[in-house]
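As given in TrEMBL:
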type	residues	note
ACT_SITE	ARG255	active site
BINDING	ASP496, LYS665, HIS695, HIS697	Mn(2+) binding site
BINDING	ARG568, THR832	substrate binding site
DOMAIN	36-413	domain 'Biotin carboxylation'
DOMAIN	1010-1091	domain 'Lipoyl-binding'
Amino acid sequence: MLRYTVVRGGLGLLTVRRACLSPRLTHSAPKTEYRPIKKVMVANRGEIAIRVFRACTELGIRTVAVYSEQDTGQMHRQKADEAYLIGKGLPPVAAYLDIPDIIKVAKNNNVDAIHPGYGFLSERADFAQACADAGVMFIGPSPETVRKMGDKVEARSLAISAGVPVVPGTEYPITCLQDAQVFTQTYGFPIIFKAAYGGGGRGMRVVREYEVSPLWLAVHGAHRQIQIVGYENAGTVEFLVDRHGKHYFIEVNSRLQVEHTVTEEITDVDLVHAQLRVCEGRSLPELGLRQDKIRVNGCAIQCRVTTEDPSRGFQPDTGRIEVFRSGEGMGIRLDSASAFQGAVISPHYDSLLVKVIASGKDLQTAASKMSRALAEFRVRGVKTNIPFLQNVFANHQFLHSTVDTQFIDENQELFNLKPTQNRAQKLLHYLGHVMVNGPTTPIPVKAKPSSIDPVIPPGDPPVGFRDILLRDGPEGFAKAVRAHQGLLLMDTTFRDAHQSLLATRVRTHDLKMISPFVSHNFSNLFSLENWGGATFDVAMRFLSECPWKRLQELRALIPNVPFQMLLRGANAVGYTNYPDNAVFKFCEVAKENGMDIFRVFDSLNYLPNMLLGMEAAGAAGGVVEAAISYTGDVSDPMRQKYSLDYYVKLADELVKAGTHILCIKDMAGLLKPEASKLLIGSLRDRFPDVPIHVHTHDTAGAGVAAMLACAEAGADVVDVAVDSMAGMTSQPSMGAIVACAKGTKLDTGIALEKVFDYSEYWEVARGLYAPFDCTATMKSGNADVYENEIPGGQYTNLHFQAHSMGLGNKFKEVKKAYTEANKLLGDLIKVTPSSKIVGDLAQFMVQNNLTRAEVEERADELSFPLSVVEFLQGYIGIPHGGFPEPFRSKVLKSLARIEGRPGASLPPMDFQALEVGLRAAHGDEITPEDVMSAAMYPKVFQEFKEFTANFGPVDCLNTRLFLDGPKIAEEFEVELERGKILHIKALALGDLNKAGQREVFFELNGQLRSVLVKDTVAMKEMKFHPKAQKSIKGQVGAPMPGKVEKGQPLCVLSAMKMETVVNSPVAGTVKVVYVTADTSLEGDDLIMEIEE
């Protein structure tokens, strides 16, 4: 837990020659024979062993280390002149308690004296006696003194007989509840139970109600340590000090104290030197140590930096130290254990990494040095208590007031820990993972990203259409659009173009690179479509980046062009229904983050769903662009379901509802030039003052002709994509439209040469996404889209899927099945999610070799895809013309049917409760944008947060590194933020180890770094303990590494002298237990499954 010691004022010296507990505690001892020490063994490990070795080296004494089988890699054995294994075959702690083996090693290697350190055997009288019997000096008190001081009851009796004040306590160790009750009836609660003969590292326990623990001594009060002159060699007497300054004896530790460094810093006395010299037979006067000569200089503070997690009750953490950088400088002393890069922290021993001692003229000076030193530390790979310690040194009470044993309880803000960023090391983990296991995002085709980075053209930003929007509001903006001379363009390159051609995989990194050029040279664009639709979840799911951050960063780079997004009506940016308040809140947050125009549509043109989305966008202050999804052919008199009259009547409703702009959304590219004239001409005649915006895809190759026909018929805006991202299932070519309109009444005002420059960037950038490019399997568009009516993006996806399943030669059959599935479902408007429903049914028919007639005939017995069933139930709304009967009734049978708007019956979403849950799971860095991401896609957001927690800000990497990782010996830079640039070089890829990992080596800012990466392919063939899945409440994972012991309520984990009770997270029945007693576990290893 909290381990710091502050010493200031007139404290006495720790080391003396023979003395006993008496009121004076200072009488002299008889002269003893001088026996020089030439070789010292330390029967201990870690920091204290190293501390003694250093003192011995300074005095010219040869050193010997001992180590257990688990400590072969520890630093203390390297710091000694000689090192020997002890306790072979014994458990980790037992090895250091093996007295016969330790004595044997000492005798075999001519050791003169043994220093016990602290802990382990340091207060064992039998060890001190064994040393004496073997003729080896014990650097500490005599065996009899150790025995007396180790008996807490006898030590207490000695203090009483010497007239030293003591706190109320039991005279003898209690053995039953009745004894404790008698004591508490006299002195009340709280009390402290303390082990009468040592607690094995468990410490004192505060008891606030009746408990019993055999052989424990109860004491009462508040705790502080002081060090005094006392007896032969080193020892520490512990007292309690009350608020009035009165002190009360607790116990004597007959050894060097953990906090001895504080005494050394303020007295300038090397206590270990003194221990060694006293053991040799030197007197205190010979060492120049007299009590009246001891002077206290300033103040010193010690912090124990440990691998403990304060947020989890200071549970020990284990693992490999990937990065270690200490705090140093004037006034700082470091006594380290095995704190170095590559060190493995095991669960077997104390969790100390390093003791940091700060000294200064007063408390404030020492505290400021300590705070600075702690801030300089960088420890990666394991959790530490440094954030907690930093909070302590920022606490006003600690720095300026009296601190007592209730300090932590009364200052719970100490546990408001600032999370460490650790960005560089996380990025190395990601790069190593890609180098070992390949891309983290699914790759449709085997193609490598281009090795050529795109060149960014220069330019300066002028005023754009967004300035009109900000000045005049949505209504004024719509009027300006309608009054504009010439054709306006919306550029879809930032969203729908790459959604259609590159599986929505274009990253924010590449969008940001070209954004300044767009801002500078395309300020007269109507808008830039860059958000919403599939990009929202794909950003988190496959690109591991925040969609909101994309919006924020693009807004900062393009302040003058309006941004446009695709809103799926009542479905927002999801594929399901949300409570109404969720849709409203989403639009509000989107507008606050820089969104301007909301293109609102519904996949079935279901008016109630559209009206909700329009109302939400309008309430947020956005420009509402109501979009009618187009299907069929208004120029074909034989196709009457979606006739011209249907579209005009629907447009009437949307204009009445207050849309600022009317849009025709031709998601499959079905608008032919003649149909374009007919539809747009009719809408222009009907609504002369309403701006009309047309969207299409160029799958059939007639997109440019259709959009020019729309413009001639009265459309104000048409959608285009830059040339190298246009055509096929994307939008028509920007360059073609600009060139065709130039010099006519439709002139766009866009410089054609700037389009060429813009296109050149994307031509090279597109090469980075070769693994996702539709041209890997699809070489051209196809006019058969007029028959199958497959939307652009879905056409690409179906083509990929057919080839990935080995059905590339049967894609024609897939398209035919799509046509038949559409007819089965009643001839739907097809756009996400309705297009997916048709696609799912088509694939179901192909996989099961079913015709339309067979599906209709066997509808009551077939197991249809869930999306089809839910559509027929009414989950996404009611299609134009109603549901197909009797097909619907045969499929649903007795299943429930939803009447009316699906989201209307959903209860409001509790955003406050959602935020509380997110903060509990991911910390206090949760933003309002995060809350909305979790509201839209709970599981995807959870996985995204887990990914970024492990791999850091991967959006800082360029696309080739993100997808393919670096090549060996490649050097590159990564800009984390302005002024923080990482210089990285990939060095080597290691062999597979027994844990299924490979070590990947890098050079980071000139320093060697390495990360261990699990080889996912190799691990499939290796057996490991299963890990608990955080998303499943009934799976109980180990909160820390350790061993399982019997106990209640579920089990007890023991590690590093710490026991942790694992409680059930849910009420239920234990289904499977994965552990037995003495099972060794790592963090998050699965312990059991509980069925709720």
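Glycine too: its Cβ is placed from the backbone N, Cα and C atoms.
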Query raised in the report: Rounded to a whole number, how many Å is the Cα of the residue listed as 'active site' away from the Cα of ARG568 (substrate binding site)?
Result: 73
Query raised in the report: Under a criterion of Cβ-Cβ distance under 8 Å and sequence separation of at least 6, what residues of the same chain contact HIS695 (Mn(2+) binding site)?
Result: MET490, THR492, ASP496, ARG599, ALA627, CYS663, ILE664, LYS665, ASP666, MET667, VAL718, ASP719, GLN731
**Report entry** Near-site residues: Mn(2+), ref ASP496, LYS665, HIS695, HIS697, CB cutoff 8 A to centroid
**Finding:** THR492, ASP666, MET667, THR696, ASP719, GLN731, GLY792
Query raised in the report: How long is the line from the C-alpha of THR832 (substrate binding site) to the C-alpha of HIS697 (Mn(2+) binding site), rounded to the nearest angstrom?
Result: 15
Query raised in the report: Given the recorded positions ARG255, ARG568, LYS665, HIS697, which one has the fewest other C-beta atoms within 10 angstroms of its C-beta?
Result: LYS665
Requested in this report: Rank the binding-site residues ASP496, THR832 by the number of other Cβ atoms within 10 Å of each Cβ, and give the residue at the low end.
Outcome: THR832
Requested in this report: Using C-alpha atoms only, work out the spacing between HIS697 (Mn(2+) binding site) and ARG568 (substrate binding site) and round it to an integer in Å.
Outcome: 18
